[in-house]
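Accompanying notes for the structure given below.
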């Protein structure tokens, strides 16, 4: 938000004279008035962040509760729980910090808070991105190498911790580069904002750090794109293979029916076997029928047991095929859901990256914006927080079980509130 405030509000708007020879008290009043006016201007952006914070907090609390208590342990469940924790930290720490930044645009006086906000935000965003890369690799192993070794739920938690430590290492320069910076109010008078530290405005460390963060994002983005392309290609191959198998199975069944038709084609209209000369020998038939009756009576019990075993085998195979098919469907649906989560994360980052890139190429980009432009700039420069509110809806759309569990939980809460109100009304009557 560096240097954007001076383009929106002038001292004439404030009807307040703030000169070099003003007292310290008057200068402080200038800062407060300018911050108040800027807060009114940026109120739409503040409200957008408030909505994201509330929706993200409620949604991710539901995600954490449902997946922790209602889903069995798995690698996907562990990754979703870790991502929900990151989103809750974003809603609890990062977004309130950004709201404070917009509220006190000219008199942000706590350097420790400013550095803490920037550090927490950087760690969470980098850790979330690395987690999604790990999820993509895990999905690739399960789809493209189903017989290999796969990550367990505990493996995901261990690697999540390692990636969090790595994110903290990457974010080490953040509290050094960011801090309080001077922002002009009038000639010779400056306010303070939470931005790039005054000593690092044009420092090589700041430029190198921005390049490193950009490369980390681009490499992670490229890895995820390649992995999900490979997963999609493998899914299409598996689908084509299953269709081919079903077609062959249909051909085999059709051939079997034709064979049975051929076997019975040698009998007459009464289904009686014909002799080679076309004549029926009644005594011979009677002897054969008696022999068959004797054989059937002697082996009826054994034949019944064997028949049960034979009939049971196809049902077992069908059951196993059904289990395998259901497992594959769940795997594909979970992979698709995690792909959408990754896609939302990447898309939410794009406006932030684009605006920062334009700002780096055009130093006067923010200063030349109109009031409406400043509002939209402050919304979309913080677009990296959008995914915290959207993830809940992705889970609800892609997972019927999650959707049903949320409905059941909300119904229980509504019933409890209704019963609580009824109890209070009874107490009031008494």
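Backbone N, Cα and C define each Cβ position, glycine as well.
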Which range of 3-21, 22-40, 79-97 is transmembrane segment, per TrEMBL: 79-97
Candidate ranges 184-207, 208-231 [criterion: TrEMBL lists as transmembrane segment]: 208-231
Annotated stretch (transmembrane segment, per TrEMBL) among the listed ranges 312-332, 375-395: 375-395
Residues flagged as transmembrane segment in TrEMBL, choosing from 42-67, 250-275: 42-67
Selected stretch (most C-beta pairs under 8 A with the transmembrane segment (375-395)) from 42-67, 161-181, 208-231: 42-67
Arithmetic mean of per-residue pLDDT over the domain 'G-protein coupled receptors family 1 profile' (59-395): 81
Stretch with greatest number of CB pairs under 8 Å, the transmembrane segment (208-231) reference, 79-97, 117-140, 161-181, 336-355 candidates: 117-140
Maximum Cβ pairs under 8 Å to the transmembrane segment (79-97) - stretch from the list 42-67, 161-181, 336-355: 42-67
